[in-house]
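Following: one structure in structure tokens, then a few remarks.
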Amino acid sequence: MESQSQTQTSQPETPKRSPFTGIFHKLKSNLVFRSKLAEVNGAMGDLGTYIPIVLALTLAKDLDLGTTLIFTGIYNAVTGAVYGVPMPVQPMKSIAAVAISSTADEFGIPEIMAAGICTGGILFVLGISGLMQFVFNIIPLSVVRGIQLSQGLSFAMSAVKYIRKEQNFSKSKSVGDRPWLGLDGLVLALACVLFIVLVNGDGEQEEEEEEEERNGSRRRRRWVSIRKVISNVPSALLIFLLGVVLSFIRKPSIVHDIKFGPSKIKLVRMDKEAWKNGFLKGTIPQLPLSVLNSVVAVCKLSYDLFPEKKFSATSVSMTVGLMNMVGCWFGAMPTCHGAGGLAGQYKFGGRSGGCVALLGLAKLVLGLVLGGSLVGIMDKFPVGVLGALLLFAGIELAMAARDMNTKGDAFVMLVCTAVSLGSNAAIGFVAGIVLYVVLWMRNYGRVKPTDLPVQVDQHP
């Protein structure tokens, strides 16, 4: 007995792990790059959506660009560390559309920020109460795919418009056909599109190339090696850098307009009228889009692209809410997550939270060092080049709908898509849900062909 007790006491105790150790390892795992160059390239995949809306609000409504860059940079870094996927931070599009189409007296900066705070507060309550997760669980996949397809096609059509037409972002309208030649000409935009296709292909060639490299002939293996070298070229990063260089060539005096130092961050004053107009004109049209595209569609797409990463619609809804409940008080643009941004960053190589964390660090540095003087550079950035980036982000998002294999699911998805494109995502969502329920009631109790008993012919 003594020997047994001695052996028991002699065994070393397992050291207790601190809870902070697990958190540290999770953050490290979420931020580690899968491929350095590809992750840097993927960080550029969201700029086709981000730059036009931020530039439009800055020019039309005097949005504080420096403050917006600082806060959205922090959002990018935090969400990348928390979720471990290239979770985008995008402008709230409905609020931006209302602001651009209205005068400053009707819907100015106070109304924009009030709309962002109200939308964020509602999303936070929906998340923390568990209602958002309930909504996420009961929405049919075919309806979600319809919303994704409509949003992807909307991005793609906007991209084609950017490529074909010259744009006045401060008034949110096209102002004429884009010339063929020039530093923002049609030829340049089309060359960027072809370059992305050449480098990135359709995005599903890796497994096929590995198989060909193992089993193919020497000549085929050589071609596979060449394609691998080409696919490692950071297409989005090179195109973005080209756009920056062309901005300075188009207007060399931009150099003299650059002022170093951050913008002065201050509280935005919002009176009773600003809260009222912000909620009625901004929050009400934005809320359905935020629920569907910023939470539901983002979670569904993330599960498709990163099945090993588990996070809930509750947490995504809460992070969107917190971003706006904090930043909008200081004049930062209302923001949300977006399935289109996630698809774009994935298309160009983003595979980890480090991708958006790097983008966030770049935004933070630019906001602190250059502040609002970046407006001049963004104003001269070739719009056709932005259109090339946005086109592939939209196509990648729309491609998520390719898993609708049955005719019934495809029918619901396409009706939802058509109504969304013809009106808005909220009406399209309602149409999709109603159609899904009607079809379910119509087919209830129907025996499927696979359930029918097999009839054996007794008289050959």
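Just so you know, the numbers here start at 1 and follow the chain as drawn.
The backbone N, Cα and C atoms fix where each Cβ goes, and this holds for glycine too.
TrEMBL has this to say about the protein:
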type	residues	note
COMPBIAS	1-13	compositional bias 'Low complexity'
REGION	1-21	region 'Disordered'
TRANSMEM	180-199	transmembrane segment
TRANSMEM	229-249	transmembrane segment
TRANSMEM	355-375	transmembrane segment
TRANSMEM	381-399	transmembrane segment
TRANSMEM	411-439	transmembrane segment
* Sequence-remote partners of the transmembrane segment (381-399) [C-beta within less than 8 Å, at least six residues beyond its ends] -> 44-49, 51-52, 55, 148-149, 151-163, 166-167, 178, 183-186, 188-189, 192-193, 196, 200, 203, 236, 239-240, 242-244, 246-247, 250, 301, 339-344, 346-348
* Sequence-remote partners of the transmembrane segment (180-199) [C-beta within less than 8 Å, at least six residues beyond its ends] -> 162-164, 166, 230-231, 233, 235-236, 239, 242, 246, 249-250, 382-385, 387-389, 391-392
* Structure fact -> Per the Cβ filter (under 8 Å) with a sequence gap of at least 6 from its ends, the transmembrane segment (229-249) is approached by 37-38, 40-45, 47, 183-184, 192, 195-196, 198-201, 205, 255, 348-349, 377-378, 380-382, 385-386, 388-389
